[in-house]
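**Q** Reproduced below are the annotations present in TrEMBL:
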- A:12-32: transmembrane segment (TRANSMEM)
- A:72-96: transmembrane segment (TRANSMEM)
- A:73-262: domain 'ABC transmembrane type-1' (DOMAIN)
- A:108-132: transmembrane segment (TRANSMEM)
- A:144-162: transmembrane segment (TRANSMEM)
- A:183-208: transmembrane segment (TRANSMEM)
- A:237-262: transmembrane segment (TRANSMEM)
Amino acid sequence: MNHFGKKGSKGFIYAILSIYALITLVPFLWAISTSFKPLAEIVQGGFSIIPKSFTLDNYKTVFAQEPLFPRWLMNSVLIAASVTLLNLLLNSMAGYALARITFFGSKFWFFLILAVLMIPFQVTLIPSYLLLKWFSLLNTYEGLIIPGMVNATYIFMMRQFFLGFPTEMEEAAFMDGMGRWGIFFKLVMPLAKPALAAQAIFIFLGAWNDFLRPLIIMSANEMFTLPLGLSTFRGEYISFTNLIMAASMMFTIPAMLLYIFFNRYFVRGITFTGTK
Amino acid sequence: MKGILGNRRAKENIAGYSFMFPTIVIIGTFVILPILYALFLSFNKVTLLGGVNYDFVGLKNFNRMIDDDKVWISLKNTAKYVLIVVPCQTMLALILAAALNAKLRGRNFFRTVYFLPTITSSAVLTLIFVWILNNNGLLNELLGMLHFPTHNWLAEPAVALFGVMLMNIYSTAPGFMVIYLASMQDISHNIYESAEIDGANAWTKFWKITVPLLKPVTFFVVVLGVIGSFQVFDQAYIVSRGDGGPNNSTLTIVLLIYKYAFKNLDMGYASALALLLAIVIMLFTLVQRKLFGDEKN
């Protein structure tokens, strides 16, 4: 529905949309452009978005000056990828069980998941840290991956998704003597791709961008994920904005590509998580 | 027949629990157990010397908050934050949603662009903002050109929190925008059409129809915004390098909990603070669910 009336107000709406698009884009363009400028040009100041003397040196210098940078990148990729794959599998399994299988106590587990949805993670932060310390999982990949490998929000989302699935095919497969595991992996999961895609993008971005958990769990420099690495890097290279921006862009671009690629699933997921 | 049914039921029980097993173990170990542990920690003085030692202190941790200036400062910062960020992000989300809902060409492009700050890591976004807000950054250059007063935004206590607020409005508004957008699409066309027959212009339709009909959504968005404001951490940490400065102006509640737990290693007191925060957040969530759930039915 058009709130602003007919043709005359089109211009007004476009003005609003464009101004905010500009507000959103300028900081990013400014950061990208800074990452291709030599330091001397940055220090001079000025507004030019297009670098006067374009250079790739900043990117090379990041790798040369900060030998841990590739390691941080690898840590981030490894952790985000493992967390995403495990969540996709385990949340779907739990969601499927809660939607389709009648088992003893299934109502109880469903209400438990709903209750867990309400619990803010800050309250579990300190005890989880102490538990991980007790399990000797501090400063390890497992320490970040294991506690994050299921997520109540997406279990709930998958349950809702599977409830809307037609049951006929599953019934037929049942009659043919297929077991639950066979049905789940051969029939259900392949048809759940849109829901899995929405889940994947949210979980990946969440793990990729997470700051507080790695900050607490990883104390050795070589175990840092990139967001932690970047904030350390900033401390050491405070006046080298060119390097800080180059490092930031290398971290941001994979997430941006993923987002642009899976955009329609992303919007669907936001609507779901926002109104659950 | 009964045997076969019984057999099937047993199989379903086994299947159900094998599908749920990883979830039960992980949620049990890293959510349920920690909640009980947090309760326990809140009533103890915890010392970390090699192992973990507990001293039962009753309500001492809770009494200590009343005289703790830092707690009051962080609450004051959060209040300021809620009063500025929540109205701004709500209005921005409403305006952008209404503009996108006009279904003009290119709206997918705009929507995609608006989400860039949301998908960008808080660390990167903060570094970009620090760069734009620094003494000879883009913002001061612009202000200087227009002959406005310039600030060293993130170094002056009076304005540092605004920097953090700006970043948050920027990254949270698009999510709320999509929630508004989904609800706007549910509003029936007939209402607008009959208003048009009565001679209502776009402006009146927006204020007299859209805004009142979206009241429950606005309430929902405001509560989510308040909850989000209670949980700010990353930006405040990175801007102030973990200490909440300058002069405690960016000290948020979660940053304070972090400092007590992981800098001072005072985990009992920090747990008590986290527990209170969690209770407040859960109360907001419950109220919101109650009201929003009722509106939906």
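Each Cβ is built from the backbone N, Cα and C atoms, and glycine gets one as well.
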**Q** Does the transmembrane segment (A:12-32) come close to the transmembrane segment (A:237-262), meaning at least 3 CB pairs under 8 Å for residues 6 or more apart?
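**A** Contact between the transmembrane segment (A:237-262) and the transmembrane segment (A:12-32): present.
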**Q** Mark yes when the transmembrane segment (A:72-96) and the transmembrane segment (A:183-208) have three or more Cβ pairs under 8 Å (sequence separation 6 or more) and no when they do not.
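**A** Counting Cβ pairs under 8 Å (6 or more apart in sequence), the transmembrane segment (A:183-208) reaches the transmembrane segment (A:72-96), since there are 3 or more.
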**Q** What else in the chain is close to the transmembrane segment (A:12-32), if you only count residues 6 or more beyond its ends and a Cβ gap under 8 Å?
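**A** That would be 4, 49, 245, 248-249.
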**Q** Residue list, the transmembrane segment (A:72-96) vs rest of chain: Cβ under 8 Å, 6 or more residues beyond ends.
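**A** Residues packing against the transmembrane segment (A:72-96) from afar: 113, 141, 144-145, 148-151, 154-159, 161-162, 184, 188-189, 192, 196, 199-200, 203-204, 207-208, 214, 223-229, 250-251.
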**Q** List, by number or range, the same-chain residues at least 6 past the transmembrane segment (A:108-132) whose CB is under 8 A from its CB atoms?
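**A** Contacts of the transmembrane segment (A:108-132) (Cβ under 8 Å, skipping residues fewer than 6 from its ends): 94, 98, 138, 143, 147, 152-153, 155-156, 159, 212, 216-217, 276.
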